[in-house]
Amino acid sequence: MTIKAEEISALLKERIASYGSEIEVSETGTVIQVGDGIARAHGLDNVMAGELVEFSNGVMGLAQNLEEGNVGIIILGDYKGIKEGDSVKRTGRIMEVPVGEALLGRVVNPLGQPIDGLGPIVTDTYNPIERKAYGVMARKSVHEPLQTGIKAIDALVPIGRGQRELIIGDRQTGKTSVAIDTIINQKEENMICIYVAIGQKESTVRGVVETLRQNGALDYTIVVSASASQPAPLLYLAPFAGVSMGEYFMDRGQHVLVVYDDLSKQAAAYRELSLLLRRPPGREAYPGDVFYLHSRLLERAAKLNDELGGGSLTALPFIETQASDISAYIPTNVISITDGQIFLQSDLFFSGVRPAINAGLSVSRVGGSAQVKAMKKVAGTLRLDLASYRELEAFAQFGSDLDKATQSKLNRGQRTVEVLKQDLNAPLSVDKQVIIIYALTKGHLDDIPVTDIRRFETEMNAWLDQNRKDLCREIRQTGNLPSDEAMVDAITEFKKTFSPSV
């Protein structure tokens, strides 16, 4: 066997030519302390605030505290596998979540990973979780209604697309039910819904998902769940992940509804992280920037101008109060950030008024201009009527002999309360709402016994579907109130067929 020197030298030259001498440089630090979802690392001198870092076991973290000599990192996942002395390296990226159509109908965690057992989510689009809110000139005033399907809200505290309406109340007063009914009612409205569950029991989230599925609402909904058993960093990030997923659709000219259930648990998780990071505590031990935490989240809700596609993102944040105290720190913060609030009262809830909306303390600051014209006309006096009824009701308990005017106000008030009651998961279309409230305010229900009001409404809705489809269609399509003759004619025609209980 002969060895040819030319072949060997040619082969060596080829190998040398293809040799790459690129050096991969990554800044690496060492974990010096770990526990409770927090790690401190030494050696990441150039890391930036909010930058994503990677631990040696593959778990990611977010750099939060940039101190002299060490960096405070919140760990996004299980911190049990990280120990003192492990390496941690910079990624040079900020945190992003997967977004897009592929997430619709899925249940994901705040990192965008599926937790519903239905396989991987295939999308190549990612959005950063923190983004600057749109400026004043990029926005348009709120002018389109968001129909919740709940009479008490659409009549008394209307919500517009792009608005931020706080839902506030004690635990077990029906806050989540209001949100679920609103999501179910968007079926015909071509709206994307995102339900963010923060610190909820996993069984509760499962119940919500099943309710949405049974009502055909899961097809246009994304559920982001950070359950109570998950570490505080994930509870803190969940709302930001939800709004980032929503912004993808808003930027494409679509309408989005994001429900944050609830932000008091996010504030508690943020307080926990801040105290572990040794940030100075303020009122109620919350850090000084807890207001900024919620304001930068809720400011991302917007109604965009036509040049940017005219999309909208409506936010329904929840706050849980303790013993109906809306003057506590977090409730007052969020009330001052939002465009109004719906206050659910436990006394009303337990007395059978459901949804338990306190009309006196609830307000919508911008929704009035977005209300359907027909509803605006018929529900104009409803709030005042209800307020004067509540006032008279308190006095009426002391004396029995009341003058005629007071008695008629009390009678009308009782019927108003009955009309505004509604069953669970039974949102009502705007035309049916307008007709029953018209019947109420014009006195057509004054001769119907209070106990029959709910039955009267149910039977009238069925009768209207059979005999007055054109009337309902006119209200739905034009948003205007038909002539008084047409309305009175429909109501009196139905009343002839209605038999009150003896």
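Including glycine, each Cβ sits where the backbone N, Cα and C put it.
Swiss-Prot annotations:
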type: BINDING; residues: GLY169, ASP170, ARG171, GLN172, THR173, GLY174, LYS175, THR176; note: ATP binding site
type: SITE; residues: SER362; note: site 'Required for activity'
Nonlocal residues around ASP170 (ATP binding site), in sequence order (Cβ under 8 Å, 6 or more apart): GLU320, THR321, GLN322, ALA323, SER324, LEU344, SER346
Residue among binding-site residues GLY169, ARG171, GLN172, LYS175, THR176 with Cα closest to the Cα of SER362 (site 'Required for activity'): GLY169
The one of GLN172, THR176, SER362 whose CB sees the fewest other CB atoms within 10 Å, among these recorded positions: GLN172
Cβ contacts of GLY174 (ATP binding site) (under 8 Å, same chain, 6 or more positions away): LEU344, PHE349, ARG354, PRO355, ALA356
THR173 (ATP binding site) CB neighbourhood, other CB atoms within 10 A: 26
For LYS175 (ATP binding site), the number of other Cβ atoms found within 10 Å of its own Cβ: 24
Spatial neighbours, same chain, of GLY169 (ATP binding site) - Cβ under 8 Å, 6+ residues apart: LYS175, GLU320, THR321, SER324, PHE343, LEU344, GLN345, SER346, ALA356
Secondary-structure category, per DSSP, in which LYS175 (ATP binding site) falls: helix
ARG171 (ATP binding site) CB neighbourhood, other CB atoms within 10 A: 10
Coarse DSSP state, helix versus strand versus coil, of ASP170 (ATP binding site): coil
